[in-house]
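Engineer: One structure, pasted below without further comment.
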Amino acid sequence: MPLRRSALYVPGDKPRALEKARALNADLLILDLEDAVAPEYKVAAREQVREALRQGFPRDREVLVRLNALSTLWGDDDLQMLLGAAPHGIVLPKAEDPAEVRSLNLGIPLWLTIETPRGVLRLEELAAVRGVAGLVMGTSDLVRELRARHTPGREGLLFALSKTVTCARAFGLTVLDGVYLDFRDQEGFARACAQGRDLGFDGKTVIHPGQLETVNRVFAPSAGEVQRAREVLSAWQDARAEGKSVAVYAGQLIEQLHVSEAQEVLRLAAEVAARGVHERDSSEQF
Ligand SMILES: CC(C)(COP(=O)(O)OP(=O)(O)OC[C@H]1O[C@@H](n2cnc3c(N)ncnc32)[C@H](O)[C@@H]1OP(=O)(O)O)[C@@H](O)C(=O)NCCC(=O)NCCSC(=O)C[C@H](O)C(=O)O
Ligand SMILES: [Mg+2]
């Protein structure tokens, strides 16, 4: 699975943001035609996104586009534009109907936003549709629809968050956590990132460039985790060379599954390092 720690929503009606996004350290960009764009700018935004895709983005960036729901005035035209422009993926908002998702299997990977109670209830069917590559939490819509509240621990969302992660894992999909709206609050944002990581998300969607450094750091293995992974592998190799079926490292039992975990940590760390030059070069403050 590619490195997908951060996914920045970029409003499709803001040429300055579309331009700026090219140089930002987001693993994915989600060019947005849906909720970031007011109705009167929908048509212009579609043209601006088409032009941005035509001009292209850096090679190591995955570029997705979130279209308007197909039930809206704009959805069908958005889809036609995207079939021609061929981004790396199409993000469907408010996904809840597996038949509609099946009808969108058009050769471009599909990402589903899970942000309605019906979407949560039908997750297994949605995640199983051929062509679906990832699930994206839409926590703002979901909080509103559930009549829950935005709390620091996101208690009202835990069922949906965990069910989405579980379904993504069951079907081999990438899974991204929802946005943190208070984009100047770095401490609260770091806690929300850590919670998402600990729940099993691969990364998190963000709304502002100033959130990228934190999300990229939290969803990457720490230096301590990398060190531990190396030592686990070394302890395992020693144990196997001695003919043992399991190893003990730092007083803990190590089995094959822990070896696989350690290998995954090192794989992610290598991918982060490969991006690192680009990230260290960016000293811009927001
Ligand atoms: C939240 C914002 C409206 C804040 O905008 P602003 O006050 O203009 O921020 P700054 O002045 O601090 O911006 C500094 C520079 O960064 C550029 N910028 C800002 N945001 C972005 C962005 N998202 N992508 C690219 N570039 C960005 C500005 O242009 C400034 O550049 P410069 O001119 O060089 O100084 C704004 O950040 C924003 O609009 N964010 C995105 C909002 C959005 O996409 N919303 C929809 C997605 S969230 C959602 O719907 C989730 C889900 O569906 C759910 O239900 O949960
Ligand atoms: Mg939404």
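The backbone N, Cα and C atoms fix where each Cβ goes, glycine too.
According to TrEMBL, the record shows the following:
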- 5-209: domain 'HpcH/HpaI aldolase/citrate lyase' (DOMAIN)
- Arg66, Glu115: substrate binding site (BINDING)
- Glu115, Asp141: Mg(2+) binding site (BINDING)
Engineer: In this structure, which of the binding-site residues Glu115, Asp141 has the fewest other Cβ atoms within 10 Å of its Cβ?
Structural biologist: Asp141
Engineer: Can you tell me the mean pLDDT for the domain 'HpcH/HpaI aldolase/citrate lyase' (5-209)?
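Structural biologist: Within the domain 'HpcH/HpaI aldolase/citrate lyase' (5-209), the model's average pLDDT equals 97.
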Engineer: Within 10 Å of the Cβ of Arg66 (substrate binding site), how many other Cβ atoms are there?
Structural biologist: 26
Engineer: How many Å lie between the Cα of Asp141 (Mg(2+) binding site) and the Cα of Arg66 (substrate binding site)?
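Structural biologist: Cα-Cα, rounded: 15 Å.
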Engineer: Near ligand 2, which of the binding-site residues Arg66, Glu115, Asp141 are found, taking a Cβ distance under 6 A to any of its atoms?
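Structural biologist: Cβ < 6 Å from ligand 2, in sequence order: Glu115, Asp141.
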